[in-house]
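*Asks:* For reference, TrEMBL lists these features for the protein:
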- C57: active site, nucleophile (ACT_SITE)
- Y189: active site, proton donor/acceptor (ACT_SITE)
- W90, R124, V125, T126, V127, E142, S143: glutathione binding site (BINDING)
- 166-290: domain 'GST C-terminal' (DOMAIN)
- 295-330: region 'Disordered' (REGION)
- Y247: site 'Lowers pKa of active site Cys' (SITE)
- Y290: site 'Lowers pKa of active site Cys' (SITE)
Amino acid sequence: MHSLVDGQWRRNAYRATDESGEFQRQETSFRDRIEADPDAQFPAESGRYHLYVSWACPWAHRTLVTRALKGLEDAITVDVVDPVRRVDGWEFAPEKEGCTPDTVNGADKLREVYTAADPEFTGRVTVPVLWDKERGTIVNNESEEIMRMLDVAMHDVAADDVDLYPEGYRDEVDRIIDEIYDPINNGVYRAGFASSQSAYESAIDDLFGALDRWDDVLADQRYLAGDVLTEADVAMFTTLIRFDEVYHTHFKCNVARITDYPNLWNYLKELYQLPGVAETVRMDHIKNHYYESHRDLNPGGKVPVGPDPDFDASHDRDELPGGPPEALQR
Ligand SMILES: N[C@@H](CCC(=O)N[C@@H](CS)C(=O)NCC(=O)O)C(=O)O
């Protein structure tokens, strides 16, 4: 895999799998925080922060869904990279549909944003990136932490009163985000990038075991943490929405589709139909990214035409107690 080493771009700088063929995701590196306190190093302010994302990336997608649900579109600007990642890593391709230039730093490649923050940076150049326009640096590039900052620290600058980390549910939300990461969110990658049969099968067992369990839970519970919508649902959503179109085929997660699970499928449609969420789902970028970037898995780069699930079809979730926050009931 390609990455920066002491500020220099190195191709094939590291292996993504260990000796047993298990996929190992490397830690992210910028871990500062926006805080609600006006005296903080990174205080919550409208217009000050910027997100670099790919529509394709499930981790970046978490930050876009949170931004949409909370009505942070005017407070936080966004630039979008080319969905196809090549030997130079993420690049800007403003001429492509759905992409933008780098409107903040004028970079051609996302790695220039990393070296602008730290000229000696060593590590992966990943999306999402949360950039502070005032200090001219990266605040954080870990999606779970960015999602939490947008949700909690930026709450007072958000247009909609939507709390995705409500008091009384916080431990449960943290527990679930943690619990679904390994088998589900990262599980699809563990299956797709496994370089041995045993590593692949172990990822598949974990993945479908967890999906079976959550399908049962969602039979009589509206959302993952109970009757309220939380960050845990955002974390689950960005994996489920890619599942049938990409992971099922490209990562060989083909024991079942999400549309085969009655409760997960209806739950997914409900989340997709919440105000602002569908606009964050660019399936063209999602499919082009995976099928064209990972040429080791898909040498011809052909993008499958199907199965095109109907995320707008009606769902049955209103039969269960609870529901979205009032600000989203429109
Ligand atoms: N832990 C990070 C992971 C982000 C991540 O791995 N993003 C992928 C895209 S889906 C990426 O940018 N990969 C580029 C690379 O690894 O070189 C997060 O959740 O923010």
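Glycine residues also receive a Cβ, built from the backbone N, Cα and C atoms like all the rest.
In TrEMBL, annotation is done automatically, which means it is predicted and not curated.
The model shown is predicted, which means the values in this text are computed figures rather than measured ones.
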*Asks:* How many angstrom lie between the most widely spaced Cα atoms of the glutathione binders W90, R124, V125, T126, V127, E142, S143?
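*Replies:* Taking every pair among W90, R124, V125, T126, V127, E142, S143, the longest Cα gap is 17 Å.
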*Asks:* Just to verify a number: CA distance, R124 (glutathione binding site) to Y290 (site 'Lowers pKa of active site Cys'), in angstrom, no decimals.
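*Replies:* Cα-Cα distance, R124 (glutathione binding site) to Y290 (site 'Lowers pKa of active site Cys'): 18 Å.
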*Asks:* Checking the contact step here: among the recorded positions C57, V125, S143, Y247, Y290, which have a Cα within 10 Å of the Cα of the residue listed as 'active site, proton donor/acceptor'?
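*Replies:* Those close enough are Y247.
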*Asks:* With the cut-off set at 10 Å between Cβ atoms, which of these recorded positions ends up with the most neighbours? Options: C57, V125.
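*Replies:* Answer returned by the neighbour count: C57.
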*Asks:* Per DSSP, how many helix, strand and coil residues does the domain 'GST C-terminal' (166-290) have?
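*Replies:* Here the numbers are 89 helix, 2 strand, 34 coil.
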*Asks:* For a three-state summary based on DSSP, what are the helix, strand and coil counts in the region 'Disordered' (295-330)?
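*Replies:* In the region 'Disordered' (295-330), the DSSP-based counts are 6 helix, 0 strand, 30 coil.
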*Asks:* Tell me which recorded positions (T126, Y189, Y247) have a Cβ under 6 A from ligand 1; sequence order is fine.
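*Replies:* Once distances to ligand 1 are taken from each Cβ, T126 fall under 6 Å.
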*Asks:* To see if you understand the setup: which same-chain residues, six or more apart in sequence, place their Cβ under 8 Å from that of W90 (glutathione binding site)?
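*Replies:* Non-local contacts for W90 (glutathione binding site): S54, V81, D82, K109, L110, R111, V125, V127.
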